[in-house]
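According to Swiss-Prot, the features are:
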type	residues	note
TRANSMEM	29-49	transmembrane segment
TRANSMEM	78-98	transmembrane segment
TRANSMEM	209-229	transmembrane segment
TRANSMEM	272-292	transmembrane segment
TRANSMEM	300-320	transmembrane segment
TRANSMEM	336-356	transmembrane segment
TRANSMEM	528-548	transmembrane segment
TRANSMEM	595-615	transmembrane segment
TRANSMEM	627-647	transmembrane segment
TRANSMEM	651-671	transmembrane segment
TRANSMEM	676-696	transmembrane segment
TRANSMEM	712-732	transmembrane segment
Amino acid sequence: MSLVYLMATNLLFMLIVLFTLSHRQLRKVAGYVALIAPIVTSTYFIMKIPDVIRNKFIAVRLPWMPSIDINLDLRLDGLSLMFGLIISLIGVGVFFYATQYLSHSTDNLPRFFIYLLLFMFSMIGIVIANNTILMYVFWELTSISSFLLISYWYNNGESQLGAIQSFMITVFGGLALLTGFIILYIITGTNTITDILNQRNAISRHPLFIPMILMLLLGAFTKSAQFPFHIWLPKAMAAPTPVSAYLHSATMVKAGIFLLFRFTPLLGLSNVYIYTVTFVGLITMLFGSLTALRQYDLKGILAYSTISQLGMIMTMVGLGGGYAQHTSDELSKFYILVLFAGLFHLMNHAVFKCALFMGVGIIDHESGTRDIRLLNGMRKVFPKMHIVMLLAALSMAGVPFLNGFLSKEMFLDSLTKANELDQYGFVLTFVIISIGVIASILTFTYALYMIKETFWGNYNIEKFKRKQIHEPWLFSLPAVILMLLIPVIFFVPNVFGNFVILPATRSVSGIGAEVDAFVPHISQWHGVNLPLILSIVVIIIGLILALVVNWKEVTHQIIKSASITDGYRKIYREFELYSARGIRALMNNKLNYYIMITLFIFVAIVVYGYLTVGFPHVHQLHISSFGPLEVILSVVTLIIGISLIFIRQRLTMVVLNGMIGFAVTLYFIAMKAPDLALTQLVVETITTILFIVSFSRLPNIPRVKANLKKETFKIIVSLVMALTVVSLIFVAQQADGMPSIAKFYEDAYELTGGKNIVNAILGDFRALDTMFEGLVLIIAGLGIYTLLNYKDRRGQDERE
């Protein structure tokens, strides 16, 4: 149950932070209260490392909807532990960083940290979920919390657009993911992930296997910003920098990669998956690195560099996916190398990219700009950030003695050995190596170019609006700690490899500790080999391009992503246009139209049921006895109902409508139901009086002549509805297997204290229902009151 307590603890801290909204002084400490949550979470995951290394996994299952195998099923294994450590440890740094970044006087700190806690809660939920539907719930919660965080500064138009764009794309991917999970349930009859993976061979032979893969890939590609779904990530940079450092570099964008790692033993059985993931990753890596060179905004550069690095990791996920169909120890060694490298670089990327984002946030916060055309010579005012960002950028570029070099060399090693696989021949291997090397060169180029344009050169304070620029120590502390980790990981990589990455590799492989024989030992020196030569080539060419070429003059010649973004905007505008037309057609403020739509849907559902199940055989028909009074009432009601269709005087219509109600009252009397008759009489009288009184408040709308076609259609709808209700009565009469409720009538007085069965039912069963109905009316009344008292934001006095 420890996983349940962990999730409950995070929810508890959300409630505590929510409580700080109640007092102005408490709001200032909301961030420090929220900081306790990632500290507790990271402590929990660190304490579980020894158990996971010994393959002692934690599993919890609480029934939710067991009939369809939807349960609160949580599991902590090596993969979820690694991601949990990244989420929580990076979270500690980001939460503390945010307390220094946000204003304690103007920003709503509790609201921000509630959103951030909700996101961390959702991400942890994704990585420990062992049920596909539960994973989907957490998956969409990350999209919702991301939307709230991106739009935190909601008065900023860019924040609004970025939030909507990211939400639209990631939710679209989430729906595709849900479709894939439903297909898996259709094939296997279970939503439990471990059970699904145990049936992988049977699933791979099913005709829905490929459609399921494509749906899961859509979910992963949209979440992890893969081409062409990458366009939401640069727009999301409108969020506060702590959000960018946490969600859009270290955690949320890794959710899609986590999904593919989790299902690798199943998805890797298809070559469609292997080719698609590998080449989408390579294209994304190349496109992201090339587009980063045409950015002037530091966060824009980091956004596209994140896209590129995610593409690099995705490439390794695709190449290593073939392990699911391996046939020899040599191939197993290669596949495990690639998967291990992907996990290793994922960890390295979280460290150096988060440090870069924090550095950019400090520069922006203190200088008031992120434009590299203005940020020259900043090493003089930001000496600590100069060192932090230089080391982090060089690590991203793959320079020796930094952690990024190790995983980058493993990546190049994976590319050079691709020709050993059945899926790749010489030509494809050459293409893969070429794209990987070119993208790596461009990565080195924009990394060093960013540092050169920001920190080197001549410092001119006149370019900045703020003349007092300084570098607060507490503000810089999280970035400095992350920077120190970069060389530490390089010199003691196997500490992280054995305690974090090895257990994760076991989980990804699907065979547990048996994979240990193939897991590589991370070495800083492998001798002179092809990957080392390629690394040297990348560094030399990257240095030349970064230091010699004036990218400010040639960026307009580089490919632009505007066409894809413009395509999204065009689709979104068309979507809004057609949505507006549809809403105007559907919501036309005509009550009778709404009623007809409701009745039509009801009839359609009933007819669909008859077509699917079939109309039951009529073996018994109960018709109540009736006399002259019932006949007269029926005829009168029919005549009045037909008259209402053609009469246009409002007062006459209300009176006739009331007469129908009073006729129903007489029906109840004839059927010997005096309580119902009295209730109907009171309700009908009050309703009729209120209707007439309300005329004094209604506008004087001119009378409209009856349209014969429309009125005929109304008559048809009414007749069809009447036939539907009668048919349902026939169906109800044929049911003879229902349990008797006569016993309740006998005990009604003793149990409820009511002498009348109707009163007993209303008092015993409808009390709670009536209470909530009253609550709904109160909420509706508050909404109406708000609308009536709403003033136009432009300062006009007229009410909406």
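Numbers here mean position along the shown chain, with the first residue as 1.
Just so it is clear, glycine is given a Cβ too, placed from its N, Cα and C backbone atoms.
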Determine which recorded stretch among 78-98, 300-320, 528-548, 595-615, 627-647 has the most C-beta pairs below 8 angstroms with the transmembrane segment (29-49).
78-98
If we skip the immediate neighbours and take only residues 6+ beyond the ends of the transmembrane segment (528-548), which ones have a Cβ under 8 Å from one of its Cβ atoms?
397-399, 405, 408-410, 412-413, 416, 433, 437, 440-449, 452
Is the transmembrane segment (336-356) in contact with the transmembrane segment (78-98), using at least 3 Cβ pairs under 8 Å (sequence separation of 6 or more) as the test?
yes
Among 209-229, 651-671, 712-732, which stretch has the highest count of C-beta pairs below 8 Å with the transmembrane segment (595-615)?
712-732
Which stretch from 272-292, 651-671, 676-696, 712-732 shares the most C-beta pairs under 8 Å with the transmembrane segment (300-320)?
272-292
Same chain only, please: residues at least 6 beyond the ends of the transmembrane segment (651-671) with a C-beta under 8 Å from a C-beta of the stretch. Say none if there are none.
624, 627, 629-630, 633, 636-637, 640-641, 643-644, 677, 680-681, 683-685, 687-688, 691-692, 695
Return the stretch with the most CB pairs under 8 A relative to the transmembrane segment (712-732), choosing among 272-292, 627-647, 676-696.
627-647
